[in-house]
Amino acid sequence: MGEFKIQSKFKPTGDQPKAIDTLVQSIENGNRGQTLLGVTGSGKTFTMANIIERTQKPTLILAHNKTLAAQLCAEFKEFFPDNIVEYFVSYYDYYQPEAYVPQTDTFIEKDASINDEIDKLRHSATSALLERRDVIIVASVSCIYGLGNPEEYKKLTISLRPGMIKDRDEVIKKLIEIQYERNDIDFARGTFRVRGDNLDIIPSSSSSKGIRIEFFGDEIDRIREFDVLTGNIIGERQHVSITPASHFAASEETLEKSIRVIEDELEDRLKVLTAEDKILEAQRLKQRTNYDIEMIREMGYCQGIENYSRILDGRMPGTPPQTLLDYFPEDFLMFIDESHVTLPQVRAMYAGDRSRKTSLVEFGFRLPCAFDNRPLKFSEFESKINQVVFVSATPGEYELDHSEIVAEQIIRPTGLLDPVIEIRPIQGQIDDLYGEIQRTVQRGFRVLITTLTKRMAEDLTKYLKDLNVKATYMHSDIDTLERMKIIRELRLGEVDVLIGINLLREGLDIPEVALVAILDADKEGFLRSETSLIQTIGRAARNSESKVIMYADNITKSMDKSIKETERRRVIQMEYNEEHNITPTTVIKGVRDIIEATKVSEEKENYESEVKKAAKKDIPVEKLIEQYEEEMKEAAKNLQFERAAELRDIIKDLKENSK
């Protein structure tokens, strides 16, 4: 059994050793909740990695969106190359849940596009938890949605070893039962093929490696792993576990039992609808449910089988669904990253799901058991936590109330200080800001401006563009890929000024930013709360020459608290630097930037120099193209699609220029 072991040239510095010791001691003392209050750029991820290494517990890291989850996953893979680090997020590229709008009598069918690569990673995560303890899973809030019963999942897992007495047809039957399909032509993930005495399987948790079971009569002679693309043998296996192709797979016995319960619930519900004189709804429900029952009986599943998950699990009405949290051992450790954002997100999930399901049940599209295919309520989520570390620069009341220990991490390894904050009057703020922008850009730095409304962001962008400032705006209407493109352009200097609303809070750690301007800072509200202001101020904490300007006529409570907190941290940081003779230095290229797209900008910046280096060393262009193509495939494999696209463009340019 592997142990967590960090591979890094860095050692904990600054506040990190004290924070690590404090939190590890608290966890070992059996405390349920603790908080890591770490400022931007203080190396919170490295602290988390050290806590995992010291406590040796299976770990779940909860992030508030897919992008940050992917970034954290990549960082932890670097820290723990010899351990299992998995990525668990929603596998939908596009998802339209089924819904009914009574006002217009409109039923919207469920429509979804599933990302096969992410589905594979989800299976890889759950199967890893069944096999090992040295497992870290980085997940989005998707992990609080129903996932199927882990006990049934374990029970249906097929365990095979050389020398076992197993009939080939018996193994095939079991594979079909756990929703694998036979396909001798299009051999893909979740399928198997038969070639003489050999049975080839591509497990649900892999797409590049297959398992070959070689039979001799009724005995398993040998088990080998092979490359799906080339067919080359990779190695011998002494044991293999084939996990179900679906998290909602169930045994024949469970399905038969479930069908009887579904039929009973249908009968009860039809009586209720008929008594209420809802003849159309009763007819609709009968037709739809009987069709689902027939599909389950014949195929072992039906479209929307998750709506019957409570019955398949054998749970009572109203009980919480089984989720990824139930796949972890009882002593697992959880980190909630950016907890001030993630926890409210977890809290909001249940209500939205319930209101949509109510219409579906009332109007005969679903049985009441559909209510129990849902995310966890917040109280249920709390009850499933064993031990948790809340991680945030601005922890909320909940985190502080539920923590026995709060460990502060204020010192940055780079010696960088929290920025200087200036307060200037609102009158003439735009003209004053224009002067500051010019001075900042002339020094080769960038500017972030936060406004209160989308309209103001757009108007200010237009105004600055008319003054020949390279400005652009970013708000909620801009999709993720466009957002990444804008950040890349900002880092490259194609854009000097980025204007936004609250999108400028978490996840925009850009070292080139030397000025953050907060317009209308005294308009108290959620965009100008203490938490929002501290997070926004933090965007200027990656550059040694940065400052923050708040435009305000009054000093609100939130402003006062955020300014005092920033000043408190700044004093601690300056004293530490003086004591240890540290000069603050701008991080030009951190361990890894939070937004994945920023890595692409570094690729583009280095592109010309790479080509020049290659020319000096007499490396042929063909060789360089080959190298970039390998990197592109690796990036796509690691879900770094923006980086892969950038490399693709570089390859295209190289090919055109070499003609």
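We number each residue from 1, going along the chain as drawn.
Here the Cβ of each residue, glycine as well, is placed from N, Cα and C on the backbone.
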Tell me which of 67-90, 91-114, 331-354, 403-426 corresponds to the motif 'Beta-hairpin' entry in Swiss-Prot.
91-114
Averaged over the domain 'Helicase ATP-binding' (25-412), what pLDDT does the predicted model reach?
90
Looking only at Thr40, Ser42, Thr45, which of these binding-site residues has the biggest number of Cβ atoms within 10 Å around its Cβ?
Ser42
Quick check: which same-chain residues outside Gly38, Val39, Thr40, Gly41, Ser42, Gly43, Lys44, Thr45 lie with their CB within 8 A of the centre of the ATP site CB atoms?
Thr47, Ala393, Gln409, Arg412
Looking at Cβ-Cβ distances, which residues of the chain lie under 8 angstroms from Gly43 (ATP binding site) while being 6 or more apart from it?
Gly14, Gln16, Gln409, Arg412, Pro413
10 Å Cβ neighbour count around Val39 (ATP binding site)?
26
Got a sec? Which of these binding-site residues, Gly38, Gly41, has the most Cβ atoms within 10 Å?
Gly38
Can you check which residues sit near Lys44 (ATP binding site), meaning Cβ under 8 Å from its Cβ, same chain, 6 or more apart in sequence, and list them in order?
Leu36, Gly38, Val391, Gln409
For Gly38 (ATP binding site), just give me the three-state DSSP call.
strand
